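So that you can see what the record holds, here are the features copied from TrEMBL:
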DOMAIN    115-337  domain 'MacB-like periplasmic core'
TRANSMEM  116-136  transmembrane segment
TRANSMEM  383-405  transmembrane segment
DOMAIN    389-505  domain 'ABC3 transporter permease C-terminal'
TRANSMEM  434-457  transmembrane segment
TRANSMEM  477-500  transmembrane segment
TRANSMEM  525-545  transmembrane segment
DOMAIN    589-735  domain 'MacB-like periplasmic core'
TRANSMEM  768-792  transmembrane segment
DOMAIN    771-882  domain 'ABC3 transporter permease C-terminal'
TRANSMEM  820-838  transmembrane segment
TRANSMEM  850-872  transmembrane segment
Amino acid sequence: MNRKSIFPQHKPPRWAQRLLERITAPHLREEIQGDMDELFDKRGQRSGYAKARLLYVVDLLLLLHPRLWRREPARMGKLRHSKFNDIPKSFLHPDMIRNYLKIAVRNLVKNKSYSAINIGGLAVGMAVAMLIGIWINDEVSANEHHKNYETIYEVKMHQTFDGHRGTQDALPFPIGEELKANYPDFKAVVMYDRGDGHRSLIVGAQKFLKYGLYIGEDAIDMFSLTILNGDKNPLKEPYSIVLTDETAHALFGNQDPIGKTLKLDNTTDLKVTAVVARQPTNATLQFDYLLPWQLQEKIYDWVVKYHKTNWGNNSWGAFVQLKEGIDPAQTNAKIKDMVLTHLSNDPNIRKSIKPEVFLHPMAKWRLYSEFTEGENTGGFIKYVRLFGIFGAFILVIACINFMNLSTARSEKRAKEVGVRKAVGSGRKQLIGQFLSESTLIAALALLLALGLVMPSLPYFNTLTEKTMTIEFGNPVFWSVVVIFTLFTGLLAGSYPALYLSSFNPVTILKGGVHVGKSASLPRKILVVVQFTFSVVLMIGTIIIYQQIQYGKNRPAGFTNKGLISINSSSHLVTHFEALRAELLATGAVSSICQSNSPPTQIWSSNSGWEWKGSTPEDKSAVFTTITTNYDYIKTIGIRLKEGRDFSRDFTTDSLGVLVNESAVKRMGLKHPVGEKLRWAGKDRTVVGVVPDLVMDSPYQAIRPLTIVFENWTAFLNVRINPAVAPSVAIQKIRPIFDKFNPGFPFDYKFADTEYNKKFYYEELIGNLSAIVSVLAIFISCLGLFGLASFMAEQRTKEIGIRKVLGASVANVWALLSKDFVQLVIISCLVASPVAWYAMNKWLESYTYKISIGAGVFLVVLIAALLITLLTISYQAFKAALLNPVKSLKSE
């Protein structure tokens, strides 16, 4: 019945009515439209028209069925009276899908070994891809927990020194007030200190060295920190402190910490005003406590005296939040020259340094933190992309296994395909059947993959230093899992489905399908692709390992073994000579010195140096700087190239300076010892030359270094007596430090351990790539094992005849191995230039790097061939040793 809605003001969605009209066959259209309209009115009166419209769309989607599509009535009638009583069902019909799955299960049970190889290979591939996916998600979602994620920026600055454009987050102290007062684009401006941040927190007899920072009071709202207890604006008072929940529990146990007092660095009493939740491990802003920005001015007179109005000292940092709707590009144009306008009026300085302020969005803090010559060149994103490629490689390798084994066994399914086509199945239905089977296998593989991922995740977290979890309760997770499974199943089953469904039923039923050389060509191509991916991963892993070892074997210029560094304090600096005397008296210490940075790092750099023959432009040359006093060379374990260390025998050494070889080269000094240098308004004499010390990245060029005499420093460096075990030495010196530094816990770090941390990212990449490479080879070998088994089974009669005619076991083994060996050699030839290009691109980011030699490719070729031969030899020997009588009886 064709009728209009009895409530004309309420109608179904117009687009849905039009779609219904277009898809239904002419002879069915009027009846279906009438029924749909009538049902819409009944539902509207009963449940409301909003719900009725939704159900109308649902009903329409359920009608998307071939039996209702536009067909001629005559055709429909012919089908009704044919020998088949029903119209052939769509391959997406629930009954058909149920049938496909039933057949798929039977095939899996019937062919247990091939099913195990297919499911096992896919499971391992999916597990690796899932782990990598979890890691990538953790990286790309860094900082997204902040509700103001889209509007938070870090203020950075480009400056030109010695002809090179550098980028830094170090800013002058007064920039914060300037941004607040003169730039209305900002909703909030938060300054923070960029110092070491490790300070002593004392409650009663408990002492903890924790990491935190001085920060502006708007930080709580800007970063949407979760206040678990306390004041909603906890940083407004100068003598207050905000603790994370972990720090609060460490200091106060189960007591309520709000309002309680603790002592900072054994000098300043602070009141706990709030407890906030600890930040996720993938957050950029990490801390154990927060201190009010204005507290610095209360307890450090040098902040007010030297920095509050000083635009030339860059030692601070700033975060800003833009107001909604503000274009950051326009704001960048406004703030670009704000530092330049406040710098010295010296035209040479203004011309050479050219400071340019800009905003760096929070979305790029984690993955796009590197700048080269003033341009953002990426950062950790290169590792994320690299492992995304690794994950894709592994998944493709696993899917190729499925494709190869499915097509190789095509003769086993040929009769089934022929019969189905003969009784009326179309190619689409057959494709649906085979895709259903591959999806079922992918689903079973997913269950096994989850069983592999869960116990592997703790180890993976340890390896990557993260706390990642699988969010089983998150609907998004299951949506991704379903999509991932369907994608894997469709990818793995696509080629077998197209290949098997293409068989001619007449040919099949006459005598079966015989797979010739042309039919096996695609399979050989897939094997080559599979092993190409595996070989690329093997070559990459070896080159990464070589590069890591190259950096580790680079001469550091000092002896880091047996050297420890300890955070200094005003107490230790004041009583340094007495402390030194008692430490040396223990016999556990051979020397001790002070410095402004730990022995494996350089925290300071300066320009403005002048030397004989220097030009005004040379003032912009940047020299890294270590401030220290006596015994630095002896304690750190440096062998001087020329001259001597600072000595108590020379009172003039207070204006002495040591330089490294790169500084000598930069200054053009032929005989550096005794040369006069000028810096910070003082003439200084070069007393010695040190080798180029590796205190930055071991893979980058050594920067020019100056070592300046200075009594006030931040670290104590202690050289342990080589004749005393480090653990024994620590036990002996701990009481002495507790005596001279009662307000601080004895916290120390071994220099060799800290030096090895320089290789963290490279070792992480190396370890992960090694694991991925091993698994890629394992999955590829699973596929080879299955193919070798099938080839041996297929050629059983041929092998029997060859043995009867006198073929030896070695002859049969060579016969079955030859094709696979050829394919692996082709894979190596294809993979080598690809790997060479990719790894050379990776090495471009390193200054100190290896040259890729031919030996790597030769080793990988030999290894790939050995692995291949070992994999297929079992099946080859099994077939070769089979009694020829049994071989000739086989069908």
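Every residue gets a Cβ built from N, Cα and C, even glycine.
From a predicted model like this one, the values you see are computed outputs, not experimental measurements.
Three or more CB pairs closer than 8 A are found between the transmembrane segment (768-792) and the transmembrane segment (850-872), so contact between the two stretches is assigned (pairs 6 or more residues apart). Count of Cβ pairs under 8 Å against the transmembrane segment (850-872): among 116-136, 525-545, 820-838, the largest is for 820-838. With a threshold of 8 Å between CB atoms, the same-chain residues lying at least 6 positions outside the transmembrane segment (820-838) that come near it are 524, 527-528, 530-536, 539-540, 543, 784, 787-788, 852, 857, 860-861, 864-865, 868-869, 872. Regional average pLDDT for the domain 'MacB-like periplasmic core' (115-337) in the model is 91.
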